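Participant: Sharing a structure with you now.
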Amino acid sequence: MPTAKRTSSRASLALPFQLRLVHKKSWGHRLRDFISGFLKSCRPIAKYVFPNFIVVHYIYLITLSIIGSILLYPCKNTAFIDVLFLAAGASTQGGLATKSTNDFNLYQQIVVYVITLLSTPILIHGFLAFVRLYWFERYFDNIRDISKQNFKLRRTMTLQQRELSGSSGNAARSRSFKDNLFRGKFVSREDPRQSASDVPMDSPDTSALSSISPLNVSSSKEESSDTQSSPPNFSSKRQPSDVDPRDIYKSIMMLQKQQEKSNANSTDSFSSETNGPAFIVQERHERRAPHCSLKRHSVLPSSQELNKLAQTKSFQKLLGLRRDEGDHDYFDGAPHKYMVTKKKKISRTQSCNIPTYTASPSPKTSGQVVENHRNLAKSAPSSFVDEEMSFSPQESLNLQFQAHPPKPKRREGDIGHPFTRTMSTNYLSWQPTFGRNSVFIGLTKQQKEELGGVEYRALRLLCCILMVYYIGFNILAFVTIVPWACTRHHYSEIIRRNGVSPTWWGFFTAMSAFSNLGLSLTADSMVSFDTAPYPLIFMMFFIIIGNTGFPIMLRFIIWIMFKTSRDLSQFKESLGFLLDHPRRCFTLLFPSGPTWWLFTTLVVLNATDWILFIILDFNSAVVRQVAKGYRALMGLFQSVCTRTAGFNVVDLSKLHPSIQVSYMLMMYVSVLPLAISIRRTNVYEEQSLGLYDSGQDDENITHEDDIKETDHDGESEERDTVSTKSKPKKQSPKSFVGAHLRRQLSFDLWYLFLGLFIICICEGRKIEDVNKPDFNVFAILFEVVSAYGTVGLSLGYPNTNTSLSAQFTVLSKLVIIAMLIRGRNRGLPYTLDRAIMLPSDKLEQIDRLQDMKAKGKLLAKVGEDPMTTYVKKRSHKLKKIATKFWGKH
């Protein structure tokens with residue numbers, strides 16, 4: 001009985017506590033717990049059924065097509081193969097139809113409407129962003145709270161630095177470092193032995209260097225290199241608490257300046273050290289450094305003193321003011337580590353010579369030397385013997401500042417570090433170091449956690465932007481078109497004659513334009529509206545921003561939001577990260593350079609089709625009855641629809657044959673600009689291409705069909721030949737694009753011709769029938785390419801308003817359905833893409849591999865897009881040739 005009482009009392013005491021715990025969980029947390037439990041139970045099967053995003057995408061589209069056909073078939077107003085064909089076209093935005101859409105009833109049209117909205121690229125990739133956001137919250141504990149605390153800390157320290165500098169923003173850079181340093185309110189005390197005017201802190205003191213005199217050190221026996229020796233005893237060395245921060249700061253400046261002077265006169269060997277800087281490379285030969293020694297009474301703090309003094313307030317103020325001045329020669333590459341490892345061989349009678357040392361980043365490094373870099377630390381004099389001395393702005397000195405000062409004004413002629421890039425805003429408390437495509441190099445555990453928090457907040461904001469974008473532009477589309485369809489009586493009558501309400505026609509057409517479906521509720525598509533500029537112009541806009549122009553519009557919106565957001569806000573931090581590193585968060589958001597290239601490509605392709613239409617069909621019989629202004633608009637509308645949407649404003653079968661060939665080619669390349677942009681901005685681009693070479697530079701891997709650059713001036717041909725033999729050719733950005741194109745062609749061509757071959761077998765009798773001249777191989781190829789490009793254009797068949805596919809047999813229609821599903825997956829990223837991979841141990845391993853790869857290789861400069869660099873280089877060479885040619889004439 002007493003035992004029962006004790007049990008009940010314990011239960012009664014524990015119950016309120018358990019209820020409080022359950023009460024604290026939000027509905028979102030409970031939903032995530034339910035999803036997590038369900039996924040854990042399905043994990044043994046799911047990892048085989050859904051191994052990656054590509055397979056999930058295939059399964060989703062096929063499932064949606066089957067579900068759509070099941071929902072459409074109960075009306076039984078058409079054969080099941082035609083219903084399946086329509087559902088597959090809706091789920092892939094193919095736009096081909098074996099039966100006019102207006103012949104289906106309202107229920108079936110609504111089903112097509114919903115299926116299309118659930119399968120657009122924006123929705124699928126946006127849903128993937130939501131999944132990654134959910135996984136971030138499940139995989140990282142308290143990531144939301146930690147990232148918020150880091151943001152508050154960065155903002156507080158930034159405001160404090162602005163207050164210390166006496167100004168805000170860029171005005172802090174106008175005050176010199178020396179004037180700021182020796183003000184009483186910044187420095188707690190002055191060095192009694194030296195005045196402020198004697199030693200400017202932005203340059204090393206030459207008198208201090210001249211005061212160095214020999215320090216004789218002898219040993220009774222030669223010490224082994226693997227035994228750690230104690231540093232020499234300085235008679236006047238002060239305790240760490242007695243050393244003025246200015247002394248240690250000047251020591252660092254002297255060390256760095258002497259390193260720079262040694263760069264021009266010596267070539268040092270670099271050993272294999274994984275902790276070295278990512279941009280230092282290994283030389284083949286070792287040289288002894290010049291003999292020098294330190295004065296016995298000179299003061300040079302040890303590394304332990306550096307660690308302690310670097311954390312003091314006064315030293316951090318000094319360094320903060322130094323950074324405010326804008327000189328980032330020494331402290332802007334925080335993640336870089338300058339490791340000096342001494343290889344000592346000192347005899348008994350030798351004086352303390354500067355030992356040979358090594359400094360290298362990785363076990364295997366390239367033999368190339370970084371050019372045009374002023375701060376390459378190759379040598380560092382030292383007075384210590386048999387001791388490993390390291391200088392690391394982040395780890396050795398613990399200089400992990402929690403705020404960035406205002407951005408320094410770049411001095412004229414100053415060449416930026418090829419691995420560093422100025423951040424859009426202070427979303428990190430340290431200056432990151434990059435490789436190709438936003439690869440962060442040399443991160444500590446604390447930095448990775450901070451970066452993960454910033455990426456999480458950026459992804460969370462991006463999800464909100466995507467949701468508003470998708471819903472908002474769909475609403476804007478039908479708000480734009482529905483009132484016009486209801487108020488223009490002439491066109492309202494045309495719509496009603498097709499058995500459709502003008503209001504519903506406006507809703508469906510707006511969705512079809514923004515989703516690039518290409519179906520219309522009028523039997524002749526948009527031919528009846530060839531003289532209505534209002535819907536044609538707005539539909540072109542929604543067609544572009546709903547598909548290939550989506551990354552351009554999305555980045556433009558984020559840029560506008562960034563420019564108008566409040567300074568030092570969490571909102572602006574996230575926007576800045578999205579602008580700087582978009583492909584770490586989303587597959588359809590690109591950096592500035594690739595975005596401009598995508599924009600240029602779209603303009604060129606559309607302009608090419610438009611110009612060809614004007615040249616070849618402007619005065620043809622099919623458009624002659626329309627005014628010239630409307631003809632130009634029809635040509636522009638058709639050129640825009642040819643690549644993605646599939647609407648037609650003119651009968652394509654009556655156009656010039658060369659225009660038909662041009663349209664077929666444009667349908668095939670429709671997805672290539674977007675697909676290549678996705679793949680060449682992939683964070684793991686090299687690994688996705690299979691470039692795992694670690695013994696040489698990433699840029700030295702070439703393909704056989706790359707164009708070899710030649711010297712058109714005829715100079716140094718023999719030298720170029722020798723250099724080509726001695727070292728590998730340099731990998732150009734064009735080579736990566738070529739690799740992506742070759743992969744895409746190998747993915748496409750065999751499938752296209754296999755489908756064409758099967759259809760020609762099934763439709764052989766119709767092709768041979770002389771009474772059906774419009775049923776020919778070219779028309780079938782046009783249909784196959786249209787399906788594979790998920791465009792929806794068709795040459796049609798005489799006296800019908802449907803696609804040519806309506807004349808196919810059941811097997812041929814199944815082949816077209818397979819083309820639609822396969823073609824819809826053309827523009828997906830590679831399996832190895834950070835933007836589609838969920839946070840996991842596997843992702844951490846890939847990041848670690850990428851970091852090790854980057855540390856040992858000289859990656860491309862990140863300040864400029866590689867394709868832009870390539871084009872500039874080629875244009876400069878062409879300009880040089882043209883100048884020489886015209887100079888002779």
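Backbone N, Cα and C atoms are what each Cβ position is placed from, and that goes for glycine too.
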Participant: Would Swiss-Prot have Phe80 on the same side of the membrane as Met634?
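Facilitator: Domain labels match for Phe80 and Met634 in Swiss-Prot.
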Participant: For the candidates Asn233, Asn801, I need the one that Swiss-Prot annotates as N-linked glycosylation site.
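Facilitator: The residue tagged N-linked glycosylation site by Swiss-Prot is Asn233.
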Participant: From Asn216, Asn606, pick the one Swiss-Prot annotates as N-linked glycosylation site?
Facilitator: Asn216
Participant: Based on what Swiss-Prot says, identify which of Asn265, Asn700 is the N-linked glycosylation site one.
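Facilitator: According to Swiss-Prot, the N-linked glycosylation site annotation belongs to Asn265.
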Participant: What does DSSP give as the helix, strand and coil breakdown of the topological domain 'Cytoplasmic' (488-499)?
Facilitator: 9 helix, 0 strand, 3 coil
Participant: How about the transmembrane segment (525-545) and the transmembrane segment (610-630): do they have 3 or more C-beta pairs under 8 A, pairs 6 or more apart in sequence?
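Facilitator: Between the transmembrane segment (525-545) and the transmembrane segment (610-630), contact is present.
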Participant: Below 8 angstroms Cβ to Cβ, which residues of this chain, lying six or more residues outside the topological domain 'Extracellular' (765-776), approach it?
Facilitator: 653, 795, 797-798, 804, 807
Participant: Which residues of the chain, 6 or more past the ends of the transmembrane segment (585-605), have a CB below 8 A from one of its CBs?
Facilitator: 121-122, 125, 128-129, 438, 455, 458-459, 462, 466, 544, 548-552, 554-555, 558, 577-579, 643, 666, 669, 673-674, 677-678, 680-681, 829, 833, 835-836, 864-868
Participant: Report the mean pLDDT of the predicted model across the topological domain 'Cytoplasmic' (102-109), rounded to a whole number.
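Facilitator: Mean pLDDT for the topological domain 'Cytoplasmic' (102-109): 92.
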Participant: Using DSSP, how many residues in the topological domain 'Extracellular' (765-776) fall into helix, strand and coil?
Facilitator: 4 helix, 0 strand, 8 coil
